[in-house]
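Q: Swiss-Prot lists Cys37-Cys53, Cys44-Cys58, Cys52-Cys68 with the feature disulfide bond. Per Swiss-Prot, signal peptide is recorded for 1-20.
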Amino acid sequence: MRAIISVLLISAMVFSIIEAVPLEEGLQLFEAERVGCLPRNRFCNALSGPRCCSGLRCKELSIWASKCL
């Protein structure tokens, strides 16, 4: 019984998080990231993918993370 209640609560939380950003707004944000440059403190890829805006460089912070700084 506890497992069923836990699954229902987790499902409700996931659904509320997904619905927090409307689909159209999410698509606009995604398109802006794909086409434009990345602002400060956004994750980047030094070898491929979106580039940092002018004046910023893609700095490797760890093996798994690089940010525009």
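Glycine too: its Cβ is placed from the backbone N, Cα and C atoms.
Map these features onto the structure and tell me what's around them.
A: Secondary structure from DSSP puts Cys53 (disulfide bond) in coil.
The Cβ neighbour count for Cys44 (disulfide bond), using a 10 Å radius and every protein chain shown, is 22.
Within the same chain, residues at least six positions away from Cys68 (disulfide bond) with a Cβ under 8 Å of its Cβ are Leu38, Pro39, Arg40, Asn41, Arg42, Cys44, Cys52, Cys53, Leu56, Arg57, Cys58, Lys59.
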Q: According to DSSP, does Cys44 (disulfide bond) fall in a helix, a strand, or coil?
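A: SS state of Cys44 (disulfide bond) = coil.
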Q: So how many other Cβ atoms are close to Cys53 (disulfide bond), meaning within 10 Å of its Cβ?
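A: I count 13 other Cβ atoms within 10 Å of it.
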